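Engineer: Quick paste of what Swiss-Prot says about this protein:
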type	residues	note
BINDING	R77, R102, D129, P130, M131, L132, A133, T134, G135, G136, S137, D198	5-phospho-alpha-D-ribose 1-diphosphate binding site
BINDING	I192, G197, D198, A199	uracil binding site
Amino acid sequence: MHKIINHPLIKDKLTRMRKVSTVSTVFRTNLEELTQLMVYEATKDLELNEIEIETPVVKVAKGYKLKNKICLIPILRAGIGMVDGVKSLIPTATIGHIGLYRNEQTLKPVEYFKKFPKNISESDVIILDPMLATGGSVVEAVNIIKKYNPKSIKFVCIVAAPEGLKYVQEVHPEVDVYIAALDDKLNENGYITPGLGDAGDRIFGTK
């Protein structure tokens, strides 16, 4: 399943991120705020446990808590820019990291870094990456995470190319994908068009 999250605030913030004139600090702020809006939608089907609580008015009242732990796994490095947006809503979420690079001979993603919390098998996992281009990195990230048997896996990104979305859904149809915008295509250099450029460079001001 994939869902394009259609909301006026998302459209407004994404437009600011797309602008070539947007400076790094503004880009980061809008990415964080946009991620908050995205994750609100992506987590609406999380399972709950019913609990009893005491309020200032009554001794016993019905309440709820998340059934499973939440683990955020940003794909380095651009995915790091989305973490704080989620943590502001789910401060108890744990964080893992996956680093991948593309082998220039095979064009396939190669893992260069991986660090996961110990409780990932008890967690609903949310993979974070602003861009879904060819889909290779996301597919490989899911391949790696599946070995740890999490409760579920979702992927949240900002912009996606049709080619990448199709590939992810073909290989991992059970992974729900949430996107702010489905863009036109990949250009000859592998960039999403109209896209928003190199998200990592724009987040960290390295270009």
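One is the number of the first residue shown, and numbering goes on along the chain from there.
Note: Cβ is positioned from N, Cα and C throughout, glycine not excepted.
Where in this structure would I find these features, and how exposed are they?
Structural biologist: Sequence-distant neighbours of G135 (5-phospho-alpha-D-ribose 1-diphosphate binding site): residues of the same chain at least 6 apart with a C-beta under 8 Å from its C-beta are E163, G164, L165, K166, Y167, V168, V171. Secondary structure at G135 (5-phospho-alpha-D-ribose 1-diphosphate binding site), taken from DSSP and collapsed to helix, strand or coil, is coil.
In sequence order, L31, A78, G81, P130, M131, I158 make up the list of same-chain residues 6 or more apart from A199 (uracil binding site) whose Cβ falls under 8 Å from its Cβ.
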Engineer: Given R77 (5-phospho-alpha-D-ribose 1-diphosphate binding site) and D198 (uracil binding site), what distance in Å do their CA atoms have, once rounded to a whole number?
Structural biologist: 11
Engineer: So how far apart do the 5-phospho-alpha-D-ribose 1-diphosphate binders R77, R102, D129, P130, M131, L132, A133, T134, G135, G136, S137, D198 get, largest Cα to Cα in Å?
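Structural biologist: Value for the max Cα separation, rounded to a whole number: 17 Å.
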Engineer: Provide, as an integer number of angstrom, the distance between the C-alpha atoms of A133 (5-phospho-alpha-D-ribose 1-diphosphate binding site) and I192 (uracil binding site).
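Structural biologist: Counting only the Cα atoms, the answer is 6 Å.
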